[in-house]
């Protein structure tokens with residue numbers, strides 16, 4: 001090890017220990033310090049691992065990485081993982097440094113932010129990259145989705161031929177990223193016409209052909225712009241998935257059942273993760289597991305025993321009352337959480353917490369693209385909180401709902417207390433926060449002894 005990297009590792013580990021002793025998470029600062037000391041730290045650290053796996057996409061990164069981590073564990077692999085969710089370069093570097101010196105671990109499983117991924121690829125030349133999807137998210141930070149797609153594709157061109165790119169065949173914004181790359185491409189997707197919602201919702205981001213710009217024809221739409229598509233003007237068509245889910249049964253917020261078909265056979269799973277988006281997450285993780293040579297029965301076991309990741313369709317309980325937490329950060333994600341929560345009958349109590357900090361995105365105009373009109377009649381009571389509570393309240397007002405019992409409280413702690421108090425024993429309070437609101441919510445619940453801090457999860 002050269003002197004600069006050695007100094008960076010020692011300084012980073014010391015800072016991490018200090019922050020943890022003071023009760024902090026140490027999920028970003030140690031890596032940031034290491035990068036400051038040695039700007040090539042990531043490139044050097046990557047050489048200590050025989051397999052680097054990156055997981056990216058707008059929605060589902062954390063859950064997919066966690067699922068794959070469970071599959072690796074059940075497959076008997078020793079690995080490191082930036083499990084805390086710190087997915088910028090500093091978090092990736094910090095995770096690699098945490099494990100530095102452990103000769104028994106040679107696999108790095110790394111969740112990567114959409115804008116961070118290209119730089120991470122150039123510095124590490126990973127073995128496997130999983131692309132879940134691409135949706136509009138944090139426009140003030142990322143720009144339009146076309147920009148993200150473009151920098152992804154440019155980064156993939158230089159991949160080693162031995163690398164594997166795992167793509168969602170149902171999302172044409174990522175399904176064709178492998179074009180021009182020498183790496184092996186493997187596709188996952190759905191094969192279940194019963195899941196089709198007919199046509200793309202009005203907020204869908206990609207309904208035009210990425211090759212010629214013409215409007216795509218959708219034979220089936222599963223969510224947003226994901227489905228079976230073809231361009232009537234050129235040769236672009238949905239790739240046939242190598243690994244796919246069929247006979248999918250969504251069980252509201254409790255989970256789903258599905259058959260996953262692979263070149264090595266079929267497995268029937270009963271997942272504890274609810275929502276159609278989690279079917280995709282399980283498929284992505286299972287595909288990577290198969291690439292790594294893990295047996296199907298181990299993949300099945302890992303998927304079925306996996307529980308929701310931090311704040312992602314998490315289910316808790318307090319004083320005989322159930323709490324469901326569903327992270328919302330863009331129109332598609334919010335619509336799918338709504339689809340999951342309101343799938344069953346009966347009216348619901350919900351708390352929506354909207355912040356506009358950097359990690360959330362400063363522009364909250366995306367709230368107007370969420371299909372609240374379809375659920376207001378199914379809401380018993382709604383509490384609205386967060387920095388942009390007034391914007392959320394205005395959005396609900398324009399649904400035209402006249403008898404919606406609404407409570408607005410900018411203070412999340414008091415809003416949570418009131419919402420829990422307003423929920424009857426045995427009932428469920430559905431909390432839908434943006435990212436930083438979720439972090440604060442977790443602290444509030446942790447202080448009540450309900451859930452752990454995310455770095456303890």
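Cβ atoms are placed via backbone N, Cα and C, with glycine included.
For 55-195, the entry in TrEMBL reads domain 'Mur ligase central'. The Zn(2+) binding site annotation in TrEMBL covers 209, 212, 231, 234. Residues or ranges marked as active site by TrEMBL: 363.
Location within the structure of each feature annotated in TrEMBL.
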residue : record              : DSSP (3 states)
209     : Zn(2+) binding site : coil
231     : Zn(2+) binding site : coil
363     : active site         : coil
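In the structure shown, across all protein chains, 209 is the one of the binding-site residues 209, 212, 234 with the greatest number of other Cβ atoms within 10 Å. Sorting the domain 'Mur ligase central' (55-195) by DSSP state (H, G, I as helix; E, B as strand; all else coil) yields 55 helix, 26 strand, 60 coil. The predicted model assigns the domain 'Mur ligase central' (55-195) a mean pLDDT of 92. Counting only the Cα atoms, the space from residue 212 (Zn(2+) binding site) to the residue listed as 'active site' is about 30 angstrom. Ranked by Cα separation from the residue listed as 'active site', the binding-site residues 209, 231, 234 are led by 209. Just so you know, of the recorded positions 231, 363, the Cβ with the fewest other Cβ atoms around it within 10 Å is the one at 363. Those same-chain residues not listed among 209, 212, 231, 234 yet with C-beta within 8 angstroms of the centroid of the Zn(2+) site C-beta atoms are 210, 211, 213, 214, 216, 232, 233, 235, 236.
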